[in-house]
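Taken verbatim from Swiss-Prot:
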- 166-241: domain 'Toprim' (DOMAIN)
- GLU172, ASP215: Mg(2+) 1 binding site (BINDING)
- ASP215, ASP217: Mg(2+) 2 binding site (BINDING)
Amino acid sequence: MAKYLIRARIEIDGVVEKHDIIGAIFGQTEGLFGNEFDLRVLQDKGRIGRIQVNTKTQGSKTTGEILIPSNLDRVETALLAALIETVDKVGPYDASISIVDIVDLRMEKIKKIMERTVEILRRWGKEKTPDVKELIKSIQEYLKVPEPVSYGPEELPAGPDVDKAEEIIIVEGRADVINLLRYGYTNIIALGGARRVPDTIKKLAELKKTTLFVDGDHGGDLIMKEVLRNAKIDYIARAPPGREVEELSSREIEEALKKKIEIFQYLEEQVKQGNKEAQLLIQIQRRLHKLPEEVVKPPEKVAKEITETLSLPVKLIEDIKSLYGTLEAIFYSSQWDQVKRIPVRDLVSEIQASEPEKIHAIVFDGIITQRLIDAVVEKRVKILIGARLGKITFKTPELTILTFNELA
């Protein structure tokens, strides 16, 4: 069943046949909006139905009605109607086409159902008569776009099918969820505008295939980096450059999701383009995907230069001794002045809250972990000194890592 029916009137200054009119419509609209919106292509794909023409001749003039069933959406159907109005010739004769009406066939069908419902109810009699208003309300509710649900302890905006879907789409905010729901995507969940990736997203990502769908601007880049540092992602999809997910049409959403890129392919392309952080993100994603780790060793030349040029103040040894057994950390400036002394339990959060390159070195009474290294690399800390070294899978040549024993 078609969604809409375009009704148009045609007037021609001459006597023509129906097939002449249909041929003129196909011929004069061909190629105006490219092959994708060609009437023959639309018919082949079932997007529009068979064009019907009813004519009558009076003297030397022909008038008639054109009927075109459409399965396109509202905007595309209106565009199609405007397109056929551009036909101004049928054979050698001048012609004009004007749109009389665009009928929503679904609403017409619902109207007939409602009329028939009332008729049936009247026949049943008053004692069997249900509340017609409730019936109408139920039908209206059925036709409404689903509202986002609140998911997880963080009450993240989401579609109704997140739990039962094998694959989910992760977007930025509530407006993105609403837009995707409008076009039938129900396996979506938003980050909720949180500064950090919610635990609910991390847990879902461990259990399901995930596509991260972000805006096509700098904001989308920042969100992508934050998510890739914290949650397992299988595919990346992006809105067109400069566009936001919440404003995309059904077709634009479909095209963006069709063009989604496998996460490691995407990050490897970023590495080739000179994105320094992409190599770190590859290691993080490999760990989140539970793949064998690729230990990246710094080039020997660079490592040698770091060793040769590293200069530590004498007072640092005294600071290290004062840290033994305290479970505390000290932040240093580039001049080796103490900037801050904090409990080790707050170390990662304090690093993440700092500005890049504000911290030159960190010394702490604790274990150097991969999570800690990821945090200091992001903030471009130069030296990290801890009590012991844990399991390390990746570090950059720019970061010097030492233990208390090496400096004792």
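Using N, Cα and C of the backbone, Cβ positions are placed for all residues, glycine too.
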Counting Cβ atoms within 10 Å across all protein chains shown, which of the binding-site residues GLU172, ASP215, ASP217 comes out on top?
ASP215
May I ask for the distance between ASP217 (Mg(2+) 2 binding site) and GLU172 (Mg(2+) 1 binding site), taken between their Cα atoms and rounded to an integer number of Å?
13
What is the three-state DSSP composition of the domain 'Toprim' (166-241), stated as helix, strand and coil residue counts?
31 helix, 18 strand, 27 coil
Along the domain 'Toprim' (166-241), what average pLDDT does this model show?
92
